[in-house]
Structures are given as structure tokens and as C-alpha cells.
């Protein structure tokens, strides 16, 4: 039996690798580097392998006669500690490296190390405190330090993972039930379009402000400045920002110009900050732009389904972005699609929602009563999962052992899905989002780090819901690894925290949680499941109608939106400026069309640039070093002709 269980490991790891690669391909943007794709795929594969191996571990424990195979123990060691290092060291450093705006690989690595230094320092300090405590009690050893590291990871993983899972256990069945109602689906889709449209306008204005900063900084930088190469790189990475109809990006032009002076150019660090800000704004804008297209397509689909449902002739209405079928089987295929969406799908979704709600209640009850068996000897949890496993363990035949894996796999996968679903709904993680085909490298790396952080604690928490294994005198390999040399107080913590899951789920279901969060003004901890409920349906309807008209005229989604900038916009490659004296007056700061307004703008720019130059000179003069005095002399000679113009 144990050899058969061990034989499952290679296929499961292969399946995990395939799923991880497919996931990366489905979500990654074309600009994501190959190294980042590989790192994310590896992290996802290891996390999925941990979850996939739990049913195999339970099967091996149930059917074990001569002990658990050593291959399973080694597999647990490799997978667990690989995800441990990935979530606390490798992935955060890689995410900081991708986010850095430095111009060389070595500088980006140094910045990533500095930014994660405080985080790693806290970890090292916690490990040092634990080591000193163990030295004081004369229990310091490699095994005790290993157990201490597991305790630190489980404290965070189980405490926060349980709350995330609780929100998903409530919201996943509720969302599926709501999708079965086509009338409510249309209004929610239109509200979603309104919310994403506002976010797109906001992100476009932020990007326009950064583009203005790049243009202003480039315009005032001398053509033979020693950092002109860095400015050229920033310009080549900055997108074109065409003027849009009725855009609010230019309303506060003076304020935007004042903000541009925050970026100086006499030091490389100023250009690094400018480049990082531009790239951050570009990532946010591209992500919101993709979400806008998805929201409009979902609104098209919802309205088409509602029209089909209200059709007296039972005719299928297709969204405007989908062509009309032609051919001899077109009518038959339309009838099948109508039957599926209008008749079968609502009933099926409601059945799935009811089934998942039943499993959610079973998990909530099992988690909330996990302490019963520890308080009263001989008592057991009120756990449907334990009862199902006990029924499957009544026989030791091969078919029954395979059914054990099925009984274990479904609720475990459902718990993990609910947890990761909640990660995407939590407001404090809004700086990263997974968008199909448009997810940047930083979002992928942050998601991979969180998946690695919760995979093992969730799996261990699930095994704690199966007391029937413990009552039989057996213990899974993973439970042994997680509980070996762990202090009793840490084990009690893993039992106490899930006890409050039922209360938390009730607060989520009755919207108490969001009300409490609003009272304390802690919006960062508010789940965004109903974030678009206050948006306007009429505004969303107007946007969708304009997009439908554009599609009917042969255009694309987004053409009618004032803040939508397509990737097809021509991007002019910029080269280092080499100008002569006659062509300097052709810069964007001066316009020949209106000499009077050009002179007025020049006087304003001259005053601002003089103030910025004096501020930089005073900053270096305050240092009092020879390098500072040299920098002041260089700036003075550089702008000697500036004040005379």
C-alpha cells in the first residue's frame, strides 16, 4: 500500500507543474520577463504539490502496515522548506528587484536587498530571540530551531489564513447564487463598469502627471548633461499621452507642473525615483485598462442574456463583440446555447451554490468545534469531514483507499480556493491584481509569495479536522513534521484560532464585519466583494451604450472612453538630443505659434527653474564637503547663461 501511495508523487508533481505553467501563461503579460515567469511557475508548482500530496499522505497513513515510505518524508521536507524560503526571502526580493527603477542589474539587486533588509532583520531578530531562549533552557539544537521556524510560519498562516478562508466560505456560494439571477447580474455588471471607468480615469491622470514630469525634466536637462543617457532611457519607456476629449488631466496643469519639480536631474537617485514612479503608474493603468475591457464585455454578455430571457420567440441575442453564426448548423447551435444559458445554467448554478454552501457550513462547524476533542477526552468533533473519512476507512481495499483520496481532496481544494479567492477581494492587497493576459511581474510574484505562505498552514489545519486518523493511533507524515518538537502552547494556538471562525463568518454574512471596519476607518481591511454597490447603474448603461455603438461601427472597446489609450498608439523612439543654437527655441517649453504666451510661459518656467536650481545648490552647499562645493560650482557654471536670457 505504501509503495502505491509513493508512486502517486511523481504524477502529482507533474500535474502541479502543468497547472502552474498554464496559470502563468493565462495571467502573465507579454512584458513579464522569462525569469519572473519561471520563478512564479516554480512557486505555484511547489505550493500545489503540497496541497496535492495531502490526500496521498492520508491514503498512505490509512493503509500503512510497515510504515510510511521514506520517499514521502523526503518529499515533504523538500516542498515545505522550499516554499518557506520562497515566501520569506526569494519572492519578496525578486518582487523588489522588478519594482526597482535603477538602471543596472547590480543597483537593482542592492535596492532590493535594502528594501527587504528591515523585513529580513525582523525575521533574524525573531530567530535570535528564540535561539537565546532555547540556549537558556539548554534545548538548542537543529531540530528545535526547525520546529521554531515552523511555529513562526504557522502563527501567521493559520491566524490570517483562517479569516481569509472564512470570507471565501461565505462569499463563494453567495456569488454563484447571485450569478444565477440574470436581472441582478445586469445591474451589478453596469455598476462594475462605472467603478472601473472611474478607476481608469484616475489612473490615466496619474500616468499623465508622471509623463508631464518626464517631459519637464527632459526639457530642462542640458543636452550634454552627464546623466542624459538615463533620461533617454526613461523617455523611451514613457508612453505617448495623446490629448483626449474632455479629459480632466489638464485641468490642474499648474499643480501638475509644480509636482514635476519634485524630480531633480542632477543626481542619479532623482532619475531612479522618476523612472520607478513612471513604471508604477504604467502598471496600474494597464491593469485597470484590461479590467475595463473585461467589465464592458461582461456587461455586453449580461445584457444579451437578459434580452434572450425576455424574448417571446425564445431567440438567442448575442453580444455585439461576438459575430453572428452562419452555416447550416447556426440555428441548431443557437438553440443549444439558448437552452444552456437560459434554462440549464441558472438551475445548475443554484444547485452548485447550495452544495458549496453545505460544504461551507460543514467546514465552519468542524473548525469551530476543533477544541472539543481536546477538552473532553473521548469526545469528537462535530465534523462531517471526519465522518466521511471514517466511512471510507471502514475497508482497506484498493478501491476504498482511492475513495479516501477523493474524500480528502475535494474539501481541501475547496478550502484553499476560498482562501486564495479572498486574497483578491481584500482592499489592502489592491496594489496587486491578477488580470488575464495583463498581469505584471510584480503582481505575479506577490501572488506567488502569498500562495506559498498559506499552502502548508492550510494543509496542516485541514489535517487537524480529521480526528478519526488520530483516534486510530496513526498520524500522517505531514502532521508529524509540523508537530514534532513544537511547544504545547503553539499547538494550543492552532486549535484556539479556528474556534472563532463561526463568529467571523456570521459577521461576514450579515455584513457586520464591514460595518465594524467603517466605524474604525480601517478601509484597508475591508473586503471588496460589494465595493461597486454604490456605483450608478445609469452611468454604466451610458458607457456600455457608447461602447456598443463603437463596436457596431467596426471599432474596438475603449475607443469612446476619454481615458483609454490603446497599445496601438504610435510610440516615437527618442534619442539623445543634439541641438545647435538655432534649434533650441523649438523645444516644447516655447511655442512659435503664439510668441506672447510663449514669452509668458518662459518667464514662469525661468522663475521655477531658478528656484529649483538654487534649492539644489543650497542642498549641496549645506553639506560643506569638497564634493558638494564642486557640485555647486558645476551648477553655477551650467546655469550661468540661464539668468541672462
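One-based numbering along the chain as shown.
Cβ atoms here come from the backbone N, Cα and C positions, even for glycine.
As annotated by TrEMBL, compositional bias 'Basic and acidic residues' applies to 584-595.
Sequence annotations record features per position, and here TrEMBL assigns compositional bias 'Polar residues' to 607-618.
Summarising the annotation, TrEMBL assigns region 'Disordered' to 573-645.
Taken from TrEMBL, the feature transmembrane segment applies to 6-28 (among others). Here the transmembrane segment (6-28) has long-range neighbours at 37, 40-42, 44-46, 48-49, 52-53, 56, 59-60, 69, 71-72, 75, 434-437, 439, 441, 444, meaning same-chain residues at least 6 beyond its ends whose C-beta is under 8 angstroms from one of its own.
Here TrEMBL flags 40-58 (among others) as transmembrane segment.
What TrEMBL lists as transmembrane segment is 78-97 (among others).
The transmembrane segment annotation in TrEMBL covers 118-136 (among others).
Taken from TrEMBL, the feature transmembrane segment covers 148-170 (among others).
The transmembrane segment annotation in TrEMBL covers 338-366 (among others).
Residues annotated as transmembrane segment in TrEMBL: 403-424 (among others). Listed by sequence, the residues of this chain that lie at least six past the ends of the transmembrane segment (403-424) yet keep a Cβ under 8 A from its Cβ atoms are 51, 54-56, 58-59, 62, 161, 164-165, 167-169, 171-172, 356, 359-360, 362-363, 385, 388-389, 392-393, 433-434, 447, 450-451, 454-455, 458-459, 461-462, 466, 527.
Here TrEMBL flags 444-469 (among others) as transmembrane segment.
A Cβ distance under 8 Å defines the sequence-distant neighbours of the transmembrane segment (489-510), meaning residues of its chain 6+ beyond its ends; these are 151, 154-155, 158-159, 162-163, 165-167, 169-171, 174, 360, 364-365, 367-368, 370-371, 374, 460-461, 464, 483, 516, 527. The feature transmembrane segment is assigned by TrEMBL to 489-510 (among others).
In this chain, the transmembrane segment (444-469) touches the transmembrane segment (40-58); three or more CB pairs sit within less than 8 A of each other, excluding pairs fewer than 6 residues apart.
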